[in-house]
Every structure is written in C-alpha cells, then in structure tokens.
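I have placed the structure first, in the form of structure tokens, so that the comments after it can refer back to it.
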2 protein chains.
Amino acid sequence: MKRWLIKNGTFVTMNEQLPQFQGWMAVEGSEISSMGEGVPPEEEIVAASEVMDGAGLLFMPGLINTHGHAAMSLLRGLGGDLALQDWLQNHMWPMEAKFSGDDVFWGTSLAAAEMIKSGTTTFVDMYDHMTRVAEVVDTAGLRASLTRGVIGLCSVEAQNAKLAEAIAFAKDYHGAADGRIRVMLSPHAPYTCPPDYIVKFVEAAHDLDLPIHTHMSETAAEVQQNVRDYGCRPVEHLDRLGVFSRPALLAHAVHLTDEEIALLADRNAAVSHNPVSNLKLASGVARVPELMKAGVTVSLGTDSAASNNNLDLFQEISIAALLHKGVSGDPTVIPAAEALRMGTVYGARSIGLEGVTGRLKAGMKADFIALSLNKPHFVPHTDYVSHLVYAASGADVVHVWADGKQLMRNRELLTLDEERILSEAERCFRRLRA
Amino acid sequence: MKRWLIKNGTFVTMNEQLPQFQGWMAVEGSEISSMGEGVPPEEEIVAASEVMDGAGLLFMPGLINTHGHAAMSLLRGLGGDLALQDWLQNHMWPMEAKFSGDDVFWGTSLAAAEMIKSGTTTFVDMYDHMTRVAEVVDTAGLRASLTRGVIGLCSVEAQNAKLAEAIAFAKDYHGAADGRIRVMLSPHAPYTCPPDYIVKFVEAAHDLDLPIHTHMSETAAEVQQNVRDYGCRPVEHLDRLGVFSRPALLAHAVHLTDEEIALLADRNAAVSHNPVSNLKLASGVARVPELMKAGVTVSLGTDSAASNNNLDLFQEISIAALLHKGVSGDPTVIPAAEALRMGTVYGARSIGLEGVTGRLKAGMKADFIALSLNKPHFVPHTDYVSHLVYAASGADVVHVWADGKQLMRNRELLTLDEERILSEAERCFRRLRA
C-alpha cells in the first residue's frame, strides 16, 4: 500500500486537541496514518515513497455538503428572482420532467467537477436515476451519501414501484465504490408524501439499517399545510410516523417552534442548513443558533445549483457565520470555528460518518484539501480559521484528495474530464430547453 | 494614442440598450472608443494596433466599492466574533493608534492588490495618511475617491488641524493621477463629530465644490444617542447641518424610518450598503428594498477587511441579492440585474462618476474586467447576469483594465509587486502586534 508524506504544511485538523499546527502528515492507502508538529520523524521519511513539500499550503478536511440535487446543475441560472411556485412550476418541473439518465449523468458530473474544484469531498445527493449518480461518484473518486428522493403524490402502484426502486438502489449500492458510497432512504417531504407512505420508508429503513433523509419545514406555507392536513406541525408529524426512530437528516428546517427544536434535540435528528437557497427562494432564516444551543447537529448544504447558484460550500460556511449574527443582533453567535465545524465535523456526524471523514486524524479516511496561503486575502496570517470562514472561497483550493486518492492537482481535475463535462452539460441543457 | 480591439467577446455592458451582446470593443488611450455586435468592421481592425481574442471571456465594467478603509487590511482576522465595542476598543483602536504612514502604505497596497484581483477598479477610501493612500492609487492604476476621515472628539485646535489637513489633501489631490483620484470631505459620523464641526465640513465642501462622505446610522445604539443628544434621528440631524446641500454618500444607513428614507430620496443622498460588514458586526439589515423603491441610489461597499474579511465586491453583490429576499420573504426583490447595477452603475452614480465609469460605453473610461466563462459554475450558459451575481466570485476575474491600462493579465498584477506587498504587509502586522 502506498505510503506518502506531506511536510512543512499548515494543518487545520478540526480536532479538539491540536486544532492547528505546522508540521507533517502521512497517508497510507486510503487513510491518514500519522501526523505531528514540526519536522517528520526519520522513520516516517524512510517509510514514505514520496514526500510532498506543503510550504505555503493550508491542509484541512475536505468539506461535506449535506443536501443537494447534483443533476439540477443543468438548470443553473434558469428562472431566477421569481416567486417559488412560478419558478418551480414554470421553469424547474417542465425541464426536470424531460431529464433522462444521460442528463442526470452529465448534470451530476458537472456538479462533481464544481464540488471538487471548490473543496468538497463528500456530498449528499437526493435525486432520480441514482445508478447514474453512483457511476459519477465512483469515477470522480468522491464520497457520497446517495438517496432516491421519492414524491408520493401518485397511485399506490406508482408509490410501490418508487419505493421498490429506492430499496433496490440501497441494496445494490450501500457500501459500493470501496465503501465511498452510502445510501439513505428519502420520502421527499411530509407535504409530498402521504403519512402511510412515509411509514413504509421507516419500515424499509429499519429492515436495511439505513438513515432517513427528507425535506422539512422549508417554507411557512408547507408548515401551515401540515397543520391543516394532519393537525400538527411537521416535527411532531414525522415523530409520530416513526421517522426519528432512525438516524434522520432534515434538510432546511427553517420554520421551527421552541418545542420542535427541543423534540429534534431529544430525538437526535440532524439538520442540513441551506442558507443560500433559503435566502434566494425567500424561504426565511433558519433558527440555527437556537438549534445548536439545544444540541442539534447542524451541518451545511448548498441545495441544488438551481437555487444557489453554485456549489461552493465555503460560501455556505461564510454565510452561516455572517447571517445569524446580523439577524440575531449578536456578533458572537456561530463563531468562525463553529461555522467551519458545520462544514466538516458536523457534516460527517449528520450522515453517520463521524469516525470516517471531516477531520484530519490518524485512522480516519484521507479526505483532505490544500489551499494556497499566498493570496492577498489571507494576509496577514493572523488566524487561519477566521480566514477560511470569512475570507476564503472555493477558488483558493489547489489540491484535493479523497479516500487517499488525489482528485485535483494545481486546480486540474485528475479523475474527471472537465472540458468534456462542460461541453456535454451545455449540450444537455440546449436539448432540454429546445 | 494607442488604439486596440477586443473581438469575439461576451459583453455585459450595464447599458439599458444592448445590455448583453457577443461582439467587439475598441479602446483608445484611456477610453472606450467604440463597440458593437458581431465581428468588428474592417476600419476598426485597420485602426487597431493590437487585436485581442476575447473568446471564452466575459467583459464587464470594473466593480466600484463605495465604502472602505483600505489600510485596515493589515488587521484582517484580528478579534473576530466579538461584540462591537470589545472588538473596537481592545483590538482595532490600539493597533490603529500605532499605524504609521508606512503601515497605511502597505496596508493600502495589500487592499489594492486584493481589489484588482477580485475585479474592483474604483474604490472609496476614508482613512488617515491619505497622501500615502494616493501614492498607492497612482502606482496601482486604480480609480479612487479618497477622503481624510476625521473624528472630532478632541480640542478645537486639534479639530481645526484635522480639517485643515483634509482641505489641504483635497486641494493637492482632487484630479490627481490623470484625474483618477477624486476627493471627498468626511466628518467621520454624527456621533463622532460635534454639530458645529460638521458645519465646517459642509462649508469647506461648498468652497471646494466637493461631495461629503460620512458614516450614518450603522447601529441602533448610535441612532438612540443621536436622538438623546440632538433631539432627532441622524438623517434629520445631518439635514439641519446642511450635509445634504452637497452631494452626499452615506455609509451603512442600516437603521432608518420611513420618514428618513423619504428625506434621503428628496435630498438626493446616496447610500453605500455594506451587507457583509453589517452582518458580521451584527449591526442589522439595512432597508435596501425600501430605499431603492423610494428612488435612493444604493451602491455597495465592503467596509474594511477587518470587518468583512475580504474585499471581494462580487460577494457583496451576491449577498445584497440574497439577503433582502430572505429577510423580506419576497424572492423578487433586488433581482440579479439590479444587484449588478449596485456594484457598477449605482456605484459610479454614488460618487459623481456616472458619465465616467461603471458601464461599457463609447466615450466612457476604459475601466473593465474579463472573467473566464470556462468554469463549471458558469455552465450552462443560461443567463450571464444571473451567473455574475449568484455564481461568480472575484477569483473568476482573469484580466483587469482601468483608465485604459491593463492592471492584471492572467491573474498576474502588472502595476504592483504582489509578492513584496504580501511580505511587507505581514511584516507591518508583526511589528504592530509586537
């Protein structure tokens, strides 16, 4: 197994002990094998088949994007600045209805290229044609938690067919690509899936021992609808249906009462906060400081490029840190280190990968990125965590590794053909719009 | 005079007619001489001493940053996530008190490097040691509106000396650097300058025919103080003192009543909206949709890198477009084109340069930038204005020109020594902190 070494690097580990240091890190196969301050010990140098000089580079865990629909990158920039229902009904859905497996493949490839180029090494994807998404993940070398998102506003036969497809995908792909692919089960949302259908997902999740991922309380309107249709708000509704008897990841969770926050904390459910998408679609501002204070794990997602309109998780990290200060009036909420944990450690925790990725630590997977520090916006070198949160962007990332394999070197993608992807994605869009 | 030509480019002009087109643009000396769709006419090609192929590039006006304190880039990342007074009194002021002209020179150089690299060609700067700032502007080739910001909480002698310095700077530098430098007069804020002192600035501004730039209503606390000390809110206070008898640019303007908004519109005062700084310092969210609806010119500023923590105006444009949708609940407010105007056309209007810069148009100064379109986050090529606002960052800028002169080529600075600036800025910071 190849063993190699980085020396002279600046490391932001996200560990509680030794969160930052100047030093070295060794990688063996897919894992971080050892690391330390100062110069590497002689035996590490001897054991390494290759030594990389990390001077001028900051190494940190690859970012974790916990909610998105990668293939929708094909719809970036389509119908912006519109009211939600107009945007969905007149721009998104007519295009998505035409998506073939090929469109999903190239749209997801486009997203994968963008994510690698902006420092994301693990992502959650909820969409259709998931075998094509898995194909991209396998080739790209990324880590992903994939899930067939299912809307249940259809006949029982159609419902059963979709559920069967989601289960078949889970059986075939959970643990695929050397374990880089994990699977979750996804009733799309409480307002798009009848209660008895959601219960079937809960049962399947128990049978297969999988987590559940769903949209919840993104807009005030869907919360009102839930109260009208089911006599309670979405958190209580999902709790009654047994969703929180499984590890659960809830996307958005913008509109919550104190009682709902307490219930989420009690049930150990995680939230994927999508601040840019929530702002752009005018859904509102999630109560993130309150969620975190209650002990809920809050991670970050971009949602799709259609409502963002990029997949740069550094932007979500920055906006998560900024937005809640401005809205709460308290400049001490979500300090830089906490925002960075939302994009790394808490991301891993949200999807059951806390011991696997999201930190730089011996024994964990070698999912990490390197940023160039020789940029005006990183000077002076006062506080690297602050710079990563408030000054960086995905464009500062120069190298990316996942599962020990290099995916980008000097901003050149090594596992994907970027030029072809841009051209095929453009071609797919032109055909869909025709 | 050198005349040269760009062909095969994508142009986003910010003009009402022909806002976007594929075509060509000719530059003669410091000005845009002509432009058009399709291929350039034969006589343009003959007249050009050089023809640049603009394929794959998007050309747009250089961005205009209408509020900042460039030298404070030396304090980037110092004391973040703190309450405002703690941050100011224990971190900013003790360091700034030690600033020498040399520190201002290198701090401003650092800011200039960052601004050029992120596509800004015109900036407003309010600080001290302004002759050193002017020196940087002259060398960098940027356009700037400079002003000695004066705090009047001192003896009358000290007040008079500061005012005299501001006036002398105006007399010496207004119109300097081939007209690229303009000067404004700046009482720092209503809460840091006694009323009679502000009146002296108004008189001087009339004598010298200069605009006034000041901070106003950044925090709720300073508004309350104004009411307590002067019996009215800041807009009425400044109006009584005659500030709006001059062209006036007000930084922040976060806390405004409907009556104040109407008064600002009536007086034709402009506002520099600084969304990132306002969020980071938890000052609040300015009423930008209401200001714009009332007809107030609203442009964008980064404020200093100490409270941002970068000078990427693309980030301000994006956050201006996103924030007000999320907070108002209306996804149609500040659409992409309007956000882009805030960073260009409205920026120019805010500082009296509307006929000079902020648009691509024959007869206007050749202040423009080129972004590479061959990036995953710009695909598909649906809507360039949307992409510039919601997907771009300053790192996408590859070339920069101001006043007809190229300042950056393929991300390499041509007028500034980037490597030396980073090292000198780091050195200044270490010495200040020692």
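Every residue, even glycine, has its Cβ placed from backbone N, Cα and C.
Because TrEMBL annotations are produced automatically, they should be read as predictions rather than curated entries.
When the candidates B:Asp303, B:Asp312, B:Asp330 are compared with the Zn(2+) site entry in TrEMBL, which names B:His67, B:His69, B:His215, the shared residue is B:Asp303. Record check, TrEMBL: substrate site residues include B:Glu96, B:His188, B:Glu218, B:Asp303, and the candidate from B:Arg143, B:Arg148, B:Arg341, B:Arg349 also listed there is B:Arg148.
For the pair B:Arg148 (substrate binding site) and B:Asp303 (Zn(2+) binding site), the Cα-Cα distance reads 15 Å. Secondary structure at B:Glu96 (substrate binding site), taken from DSSP and collapsed to helix, strand or coil, is helix. Surrounding the centroid of the Cβ atoms of B:His67, B:His69, B:His215, B:Asp303, where the record places Zn(2+), the chain contributes additional residues within 8 Å, namely B:Gly68, B:Met126, B:Ala251, B:His252, B:Ser272, B:Asn274, B:Ser277, B:Gly301, B:Ser304. If you take the Cα of B:Asp303 (Zn(2+) binding site) and the Cα of B:His188 (substrate binding site), they are about 13 angstrom apart, rounded to a whole number. Among the listed binding-site residues, namely B:Arg148, B:His188, the Cβ with the most fellow Cβ atoms inside 10 Å is that of B:Arg148. Across the domain 'Amidohydrolase-related' (B:60-406), mean pLDDT in this model comes to 97.
Over all protein chains present, the Cβ of B:His215 (Zn(2+) binding site) has 25 other Cβ atoms lying within 10 Å. Across the fold, the C-alpha of B:Glu96 (substrate binding site) and the C-alpha of B:His67 (Zn(2+) binding site) stand 18 Å from each other.
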